[in-house]
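Engineer: TrEMBL lists A:63-269, A:358-547 with the feature domain 'ABC transmembrane type-1'. TrEMBL lists A:12-38, A:58-86, A:98-123, A:143-168, A:204-226, A:246-269, A:302-323, A:364-384, A:396-416, A:422-443, A:479-507, A:527-549 with the feature transmembrane segment.
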Amino acid sequence: MARPAKAGRGFPVWLGLAPFGLVLVVLFAVPVLSLLKLAFGEGGFTLVHFHRMIDVPVYRSVLGTTLGIAGLVTVLAVLASYPLAYVMATVGPRARSLLMLLVLLPFWTSALVRTTAWIILLQSNGVVNALLMGSGLTTTPTAFIYNLSGVLIGMTHVLMPFIVLPLYAAFSNLELSTVQAAESLGAGPITVFRRIILPLTAPGVVAGGMIVFMNAIGFYLTPALMGGPGQTMIAQMIASNINTELNWPFAAALATVLLVATVTMLALFQRFFGLERLIEGGGGKAGEPFTVTSRGRSPGGWAAIVAACLVGAFLIAPIIIVFPMSLGSSPFLAFPPDSYSLTWYENFFGTTKWVAALTRSLQIAGLVVAISVVLGTLAALGVARMRPRWRSTVETIFILPMIVPVIILAVGLYYLLAPTGLVGSIWGVTLGHVVLATPYVFITVRAALKSFDGNLEFAALGLGASWATMFRRVMLPSIAPGIAAGAVFAFITSFDDVIIALFLTNIRSRTLPKLMYEGVAHEIDPTIIAASCLIILVTVLVLGGNLLLTKRKTT
Amino acid sequence: MNISALGKAVSIQSLGKSYGSTRALDGVSLNIAAGEFCTLLGASGSGKTTLLKTIAGFETYETGQILVDGVDVGPMPVSKRNIGMVFQNYALFPHMSVRRNVAFGLEMRRLAAKEIENRVDEVLALVDLTAYAERLPRQLSGGQQQRVALARALVIRPDILLMDEPLGALDKNLRQSIQLELKRLHAAVGATVVYVTHDQEEALFLSDRIALMDKGRIVQASTPRGLYEKPANRFVASFLGECNFIPSDGQEIAIRPEKLRVGRDLPGCDKKLEGHVTAVNFIGRGFRVMLDHRGAELAAEVDASDEIAALRVGTPVAFGFRSTDAMDIASI
Ligand SMILES: Nc1ncnc2c1ncn2[C@@H]1O[C@H](COP(=O)(O)OP(=O)(O)OP(=O)(O)O)[C@@H](O)[C@H]1O
Ligand SMILES: [Mg+2]
């Protein structure tokens, strides 16, 4: 059979696609499909589990709660993002980078650490209540958590970047002259916002809002730890049907509903915006970007600044609070601590279970980075060389594990792997993390390959280099930053994960986040705060190391 | 349509503005009569846009004031100034049709729907865009977008119409046809126009008056002929058109290339001098002869003739001019 000349020499497409493809089939498609099969009846086809979801009021209300909370979080995230994105677009570059950091930091902080910090801040004897009562604003503690407000706070906090980033891009694509034209025609600040800024930034907001909603319906940790019984969401229902009621078919039916909802959102998103938007940023622009001139801001502009400061404080508060707290010496969580010591760090490193969990987490993350970097890079190379016709389909399949709620993967893998005994070792959780982490490597390497000049490849091959030599000497050095970034993502994905670990580890194989989760769910021991700080530190070190390396590369 | 009654006089008084250490406006004073077409001309960075933006109210200034019809507009927000503004990149609202773009300013003035429709139709007819009313800006050519921007600014019957290099993005043919259109429109509506360009020919063609700017100052403001024929100084003389400076008795005589004659008999010339030919080029309407006169490089533009065509580089030649054609300029 004749093959096109280009593909004839060098790297075969199948070699790139097959390994990750195989992993996806065995560790993603099979578990998810077995859940579907379970949901529709193992013996014969039945819809009884789905009927039960509608008929039993508790389950019906959980579905309603899930949609309601996801909707509220989306609205809150949009409202909080507007002032922040506006300010980011109109301040100097320094302040802008600072705000960007504020937005991205929660994103990069493990869900568990964030949640722990919020609990410390908001619980009835927590920091915020202490401040409120100390200043005489309230006399009795306000219940911020273990109710709806707790869930909304926790979820909005982490999902905001998905809206702030596209909104900021929309603001910076806005041209100053467009706004000035409206002003010159007689539009005041409110009209300018309503008739010009709002419609022109709406597509970015809608895109971001869909991603937030899609993410929110699958949330597990935050509602479990910061909500009350009234805020039970579908993911918790899946977990409790497996862990306490042992009703696998019904859990599978719930997972099916969640899966269908997520995939529908994804399809809508792809239909309206195209999936590239998830991966890449916006395009170029012509005129002077929207900014504030010497005339200064309108009162509305100043109000936005104040609002943005509040939002900024909201974003950063839980992350900065944990450091001083971890250095306190009393077992009671007070802020600021009465005296400082390293007691809790000593406690952490002096207790076998903590040290063992930390070691195991690092081990697992190391394995995950090694495996997913190979799989992801091969997959990216394969996709880059395949015919355009099927490329976008394969791309979508390869990033699916990022989009499907983690709880579905966790439950599916648990169902598949429980009989094998892998759950007791580190391999069960490692395999789960590989499925989650490889898409990140795939995306970063794919982006690096897109900016790699294909002519260099042909030049090297033309000079007589074999494909392997060309890859090692020409291509690899130029895509190395992409691979490194992917490795960082993979590390953090594994090191921060709780949900996979919750299902795929037991007392002998538990990871650091799982151990912390067990603690947070019962009572917060200050050692957990020390552990949180260690996690943040490791994350910052890994991110910073990567940043330094790429800086050095480019300069 | 008649806006002449609405066009207002603008008086700019010793305006000063800095961006950090850059002195963008350095004591600018300019009086523009009602209905006048006044052009700000100057090199890049001379402060034209800055002056326009302060008149519009997009930027503040540190010293001086701007009076429109005798009223200080300094504290007035842009939206209350009743100005029409045409931007270099047109700044059409990308999410609105041509009709909605043009209607925007009228909606801000809370006119009745019927009246808005009538006035939009009227102005779209004026700029010959009736057939494009329902299109979005990105579905129009550059020249059409330009005319939408103009219609949108005109329809509100502005006190002042401000235009910042509105033709800068168009090709030469289109520029010329829109220049004609602009002139026609100005004659028809008679608004006070402040127009920015760095194209001299455009300025000469369009303007009632030209204010030549340099380094944040107005060097000279005059009618196109006044500026060309009576430049106040060397800078003006050489910025607008070309100018020769002939050394004579420790002084300099300024004279335009087309006023120089070259050849044996110099009809009508009361000043006659000698030089060497350094270049002779045919430029269509005649010849351009470059001369060396006591170390000074001079250019002369003369009608085609066999005598000129026969000139050889390096040969001596006589040239001259009418002393009434020499321009009286300050030697700075
Ligand atoms: N926003 C700004 N910040 C700082 N400096 C500015 C700003 N706008 C203009 N300037 C400076 O002010 C001076 C005048 O600029 P202006 O834009 O008015 O020039 P211009 O005559 O319109 O030039 P051009 O023909 O290139 O448009 C320049 O030196 C410019 O660098
Ligand atoms: Mg300018």
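The backbone N, Cα and C atoms fix where each Cβ goes, glycine too.
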Engineer: Considering only Cβ pairs under 8 Å, which range in A:98-123, A:396-416, A:422-443 makes the most contacts with the transmembrane segment (A:246-269)?
Structural biologist: A:396-416
Engineer: Other than its close neighbours in sequence, what residues sit by the transmembrane segment (A:58-86), given a CB gap under 8 Å and a spacing of at least six beyond its ends?
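Structural biologist: For the transmembrane segment (A:58-86), the list is 52, 99, 103, 148, 151-152, 155-156, 159-160, 162-164, 167-168, 170-171, 201, 205, 208-209, 212-213, 216-217, 219, 223, 230-234, 237, 254, 257, 301, 303-305, 307-308, 311-312, 314.
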Engineer: Do the transmembrane segment (A:479-507) and the transmembrane segment (A:143-168) share at least 3 Cβ pairs closer than 8 Å, excluding pairs fewer than 6 residues apart in sequence?
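Structural biologist: In this chain the transmembrane segment (A:479-507) does not contact the transmembrane segment (A:143-168) - fewer than 3 Cβ pairs sit under 8 Å.
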Engineer: What stretch of A:12-38, A:98-123, A:302-323, A:364-384, A:527-549 shows the most Cβ pairs under 8 Å to the transmembrane segment (A:143-168)?
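Structural biologist: Looking only at A:12-38, A:98-123, A:302-323, A:364-384, A:527-549, the most contacts with the transmembrane segment (A:143-168) come from A:98-123.
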Engineer: Any contact between the transmembrane segment (A:302-323) and the transmembrane segment (A:527-549)? By contact I mean 3+ C-beta pairs closer than 8 Å, pairs at least 6 apart along the chain.
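Structural biologist: Checked: the transmembrane segment (A:302-323) vs the transmembrane segment (A:527-549), in contact.
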Engineer: Residues sitting near the transmembrane segment (A:422-443): Cβ under 8 Å, six or more positions beyond its termini, same chain?
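Structural biologist: Answer is 20, 23-24, 27-28, 279, 360, 363-365, 367-369, 371-373, 375-377, 379-380, 383, 398-402, 406, 409-410, 413-414, 483, 486-487, 489-490, 493-494, 497, 500-501, 504-506, 508-509, 511.
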Engineer: For the transmembrane segment (A:364-384), what are the same-chain contacts with Cβ under 8 Å, counting residues 6+ beyond its ends?
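Structural biologist: That would be 11, 13-21, 23, 391, 394-395, 398, 426, 429-430, 433-434, 437-442, 444-446, 448-450, 479, 483, 486-487, 490-491, 493-495, 511.
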Engineer: When you scan the chain for residues with a C-beta under 8 Å from the transmembrane segment (A:12-38), skipping those not six or more beyond its ends, what do you find?
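Structural biologist: Counting only partners 6 or more residues beyond its ends, the transmembrane segment (A:12-38) has Cβ contacts under 8 Å with 248-249, 252, 255-256, 259, 374-376, 378-383, 385-386, 394, 397-398, 400-401, 404, 408-409, 411-413, 415-416, 431-432, 434-435, 438, 442.
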